[in-house]
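Since the structure comes first, as structure tokens, the remarks are kept for the end.
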Amino acid sequence: MSFENKNLYHLLGNDVEDDSIPAPVAPREVVKNTGSSKKADVAPAKADPARAKTNKSKPSGNEGALKNKVNNKSVSGPSSTPSKHAKKSFDRHSKTGKTDSAKKLKQGWGSDDKREVDESAAQEDAEEEAAEEASEVDVSPEQQKKSLQDYFAELELKKQEFSAAKPTRTVAPIDGEVIEKEQETFVQSTQAKKVKSKAQKEKKFLDIDAKFADDAPAQTERTFNSRKPTRGRGGKPTTSTRKPVSAAKKPVVNDKNFPSL
């Protein structure tokens, strides 16, 4: 039995048999030039992984352990370790060991047995205080009345008493002898104390004959250099008729014109 291959698409008539039609050209790949100076992320040609160093030191200790969690595993402490919260937050019982016994309550606040005794004692104290107040008689001094004239008369008497001359006090003579105690010397000194006597300095007076000159400074004569002639404007010699200023005369001071000090 033989099979014949048939092209079913041949029946459509889409095959191109004309050789004059040129074959389609593959599109050209365009490489965009960005002008960047960055190097391409490509391994260099000299990088050979076979030539890499294999004797690098490996991490040791804690660095060598594999750690994939931020916090370590929480481990509870031993039983001997005291807890952080010794006292519970909801515990309101006092742990000082001080308690109020029945005896303390009776002595502090009192008991029913002693109430009658205390009331009878208070009644007796109140009766005694009332008896003492009744025995005390309030005797208030009577106010003395006086006229205005009597008051002024008393003031005049008081003024006379103050203005009167007071008698001088006299001291009675003392009958007795004055006793002078001598200071005892336990260790007698062998040398007498030397007393330095300084001569009194006398004041010395200095007599001077002072003369005062004029405070204004003396004017010096202007000297002209004969070697270098003076030049005026434009380098021309000057024909100045200026004369040198003479120095100021000093005043004549005579001691006869001033009185002696």
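Cβ coordinates are placed from backbone N, Cα and C, and glycine is handled just like the others.
TrEMBL: automatically predicted annotations, no manual curation.
Per TrEMBL, the features are:
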- 69-83: compositional bias 'Polar residues' (COMPBIAS)
- 88-103: compositional bias 'Basic and acidic residues' (COMPBIAS)
- 119-136: compositional bias 'Acidic residues' (COMPBIAS)
- 86-170: domain 'Hyaluronan/mRNA-binding protein' (DOMAIN)
- 14-146: region 'Disordered' (REGION)
- 216-261: region 'Disordered' (REGION)
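As a whole-number mean, the pLDDT of the domain 'Hyaluronan/mRNA-binding protein' (86-170) in this prediction is 80. Taking DSSP states H, G and I as helix and E and B as strand, the compositional bias 'Polar residues' (69-83) has 0 helix, 0 strand, 15 coil. Summarised by DSSP class, the composition of the compositional bias 'Acidic residues' (119-136) is 17 helix, 0 strand, 1 coil.
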